[in-house]
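Trainee: Marked as active site, proton acceptor by Swiss-Prot: HIS16. Swiss-Prot lists ARG12, ASP13, SER166, HIS195, TYR286 with the feature substrate binding site. According to Swiss-Prot, the feature Mn(2+) binding site maps to ASP13, HIS195, HIS197. What Swiss-Prot records for 4-256 is domain 'Pyruvate carboxyltransferase'. According to Swiss-Prot, the site 'Transition state stabilizer' annotation covers ARG12.
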Amino acid sequence: MTRLYIQDVTLRDGMHAIRHRLAPAQLRTIAAALDAAGVDAIEVSHGDGLAGSSLTYGPGSNTDWEWITAAADVVTNAKLTTLLLPGIGTIAELEHAHTLGVRSVRVATHATEADIAVQHISRARELGMDVSGFLMMSHMAAPAELARQAKLMEQAGAHCVYVTDSGGRLTMSDVRDRVRAYRDVLDEATQIGIHAHENLSLSVANSVVAVEEGVTRVDASLAGQGAGAGNCPIEAFIAVATLQGWEHGCDLFALQDSADDLVRPLQDRPVQVDRETLTLGYAGVYSSFLRHAERAAIEYGLDTRRILLEVGKRELVGGQEDMIVDVALDLLSSHA
């Protein structure tokens, strides 16, 4: 089979788990360790992508440029990657990231809004970058519709399109159906990627099913560091991939050491499946809403799970973090 492309997201999605607060020196150490461990690509930015630092998403301790520069100083083998959400990050910011050494970008939209990524994907291709389309909250679109959106990204120039389970809501059959739908409509040369979350404890299983269906790009992170219950833990996935006989370039023990020695100590809240993060997956809620919902629950004396269930019922998506307070106030008034 084709060699797997292991995309580490510790230094992007993992930012959600530490409220986007990471010193450049710490980032540099982790990036160097990942590079030495043989991952194919290292994604770096605020958790919500370039220019994500804001009151809505959460301010970062540093700028994207400081973080990217720190990584570029030490990454010599892996492809330095970043994330861009059109409407948050701009083409100008993409171009600046490129001047700092970023050579790959994932352009992310909601599952049904691929059309807003066309200009950004096209410009990234003009810059000579490796480009992936990133269809977030993939559980909110049926397989055929998601595949139609993936085709739009491919037509814009994406080398790869991801099934992106931002809510950690997909089951193995859900992943299988979406990957097959992609394969039915995408050109053979277009790669497919999987981005899993651990909210239902299925991130490794979903990633394995995806690879069995022909996916070659797999997102994962050290100790699963990421939003909600985290991403697919890279050390666990690589162990399984090795047992399966799948080709990759990663050093399992080096990844284990980096996860336990460098990443877990950073966590001010455990990245794990617990009552709150499980509810994210159960309700199909955007994983990065976790910290926002927990903060609102404390402020208004509510159970975080009640907030998350209502958020899921209303089908809120990324960018509507400010609505979480409205949800909390509505819950308070309904039980006054």
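Any Cβ shown, glycine's included, is placed from N, Cα and C.
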Trainee: If I restrict to non-local contacts, at least six residues apart, and a C-beta distance under 8 angstroms, what lies near TYR286 (substrate binding site) in its own chain?
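Mentor: Looking at Cβ-Cβ distances below 8 Å from TYR286 (substrate binding site), excluding near sequence neighbours, one finds MET136, MET137, SER166, GLY167, ALA227, LEU280, LEU316, VAL317, GLY318.
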Trainee: List every residue in the same chain as ARG12 (substrate binding site), at least 6 positions away in sequence, whose Cβ is under 8 Å from its Cβ.
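Mentor: Those within reach of ARG12 (substrate binding site), by Cβ under 8 Å and sequence separation of 6 or more, are GLU43, VAL44, SER45, HIS46, GLY47, GLY49, THR82, LEU83.
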Trainee: Return the count of C-beta atoms lying within 10 angstroms of the C-beta of ASP13 (substrate binding site), excluding that atom itself.
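Mentor: Cβ-Cβ neighbours of ASP13 (substrate binding site) within 10 Å number 29.
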Trainee: Return only the integer: C-alpha distance in Å from HIS195 (substrate binding site) to HIS16 (active site, proton acceptor).
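Mentor: The separation of the Cα atoms works out to 15 Å.
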Trainee: What is the Cβ neighbour count of SER166 (substrate binding site) at a 10 Å cut-off, with all protein chains included?
Mentor: 32
